[in-house]
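Taken from TrEMBL, the feature [4Fe-4S] cluster binding site covers C298, C377, C393, C433. Under the heading domain 'DNA primase large subunit C-terminal', TrEMBL lists 288-456.
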Amino acid sequence: MDFNLKKRARHDVKVEVISLEAKYPHNVMLYHYPPTEDIHIDEFEDLALERLRLLRVFDRATTKGLRIFSDDWKEYVNAEMTKDGLRGYLRMGMPSSGTKHEADVQMRRRDYLSHFILRLAYCRSEDLQRWFVAREMEFFKYKFAALSTAEIKMFLDANNFQIHPLTEEQKDEVKDGLYESTVGQSVSKIELLEFYKVPFTQVLDLVRTRRCYIKAGFAYVNTHDMVSIVGAKQLEEIELGMQAAKAFIADVEADERIARMIKSLHNSYTGKDYTVCRDESVPIESLDQLSKTSMPLCMRMCHEHIRSQHHIKHGGRMQYGLFLKGIGVTLEDSLRFWREEFTKKMDVDKFTRSYEYNIYHNYGKKGSMVNYTPYSCLKIIKEMAAPGDCHGCPYKTMDPTSLKAKLSAYGLSAGGIDEVMHFVSRNHYQFACGKYFMLTHNSTVEPTINHPNKYFEESQILMGNRQKRAPGPAPANNKLRTAIKGGANRSMLTGDDDDELWRIAETQEKVYQSQKGIAEAFDDDLDLTEIIE
């Protein structure tokens, strides 16, 4: 018997390494093939939040009623991208310089990956899908509008559109129709433009607005209007991709880290972090004056409620207390402010037992030792205020008659009140707040209000009391702190983080949340310190 082992034929497996430039060759891509590369969970979250900031820029431009691609629209979008630290996306919407940069290729990668990440978050309902598709199409057209004639040809060839520009002979045959149908261009410029012959059914939006010449069932579209054709293809790709994402979203959500993030993404705050005010200090003696000059309506009403009633329910204390911390009120001053007001209705011992712990906790000095973040506009708008509460967004919670009376009492003219109510009636509460800012500060520029502390900061800058800082996104620092915080989740922790630390913090947070629920239910009249300790 022959026991000699026979060697098997060896086949070397060749792994094809594709460069980023080959994967993402152009600024404008159709998002057809899902990405296959592996990315870290931290980058997953960063890309998602960055993309959300981008889409919200286009959403604000739409809400302001700016006509897409108008000069005002472009100026607003470009300014907002710069302010939000989205210069990479801004460059994607600028004409190409012809010089290749590694940063541009990396930006194309971020663009491509982040689009598919947000599909997971926005395939969950029809309302979310409509919002996402509309904003993505605006960004797609924004990028496409920056392409040169040569780049448009490359794009059409790369994506197999099978349409080609007319030859000079073909163009001469229909030149009279082209002259009459091309709006806003002189005859000499029309002669320089390239035109494409396509079935009119592919450009119904151009037909409807009479922006193309039609003959024998074909439309003649110039280079600038090719976005209608490619946009229809991109829309089809996104809508089909959203249906595919919806089909396997249950498998994706099996990973708890991803599930929590994508479920809460649409309501995530993506602006500046106001957790700690390091540069300014606000004495509590100035709060009465600041409430009239620099506080948004939601915080001014909380302040006035405290001054008149010498008490405020738990929701109002959280909303206003964290706001005060964010504008620069120290822990010591905060304790003194609440003690002085509340002890006008109760003795000092009761205040110490029932309320002092909560103040220490918000400043990160008790319990889970987390420095809590002031509420954003999105969170405040979502708050459900009950009778007797003063927190929440007044533009949403107050009936129109009471709101008008309040605005009048604060000095707004009848015309100014109508301007604010115009946005309120359309549920654009943040724009109503921005209009209120303009009217009360005699400003010609309407700020983008997405956080009460931003309102305060912009007011102080306009009044010359603070210096304007360089624009940019919220810093992604101290993710462990954010993850432990009650409103966030464990998905922001890396694999190297200490599980024991997480369990301790989570246990402490559950205790505090239980304490908070009891406080809300009984209007805070229990000795909660004993419950915790």
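Cβ atoms here come from the backbone N, Cα and C positions, even for glycine.
TrEMBL: automatically predicted annotations, no manual curation.
Features per TrEMBL, on structure.
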residue: C298; record: [4Fe-4S] cluster binding site; CB count, 10 Å: 28
residue: C377; record: [4Fe-4S] cluster binding site; CB count, 10 Å: 21
residue: C393; record: [4Fe-4S] cluster binding site; CB count, 10 Å: 23
residue: C433; record: [4Fe-4S] cluster binding site; CB count, 10 Å: 24
Environment of C298, C377, C393, C433, the listed [4Fe-4S] cluster site - residues of the same chain whose CB lies within 8 A of the CB centroid: P296, L297, I380, I381, P394, Y395, K396, Y429, Q430, I449, P452
Across the domain 'DNA primase large subunit C-terminal' (288-456), average pLDDT on the 0 to 100 scale: 93
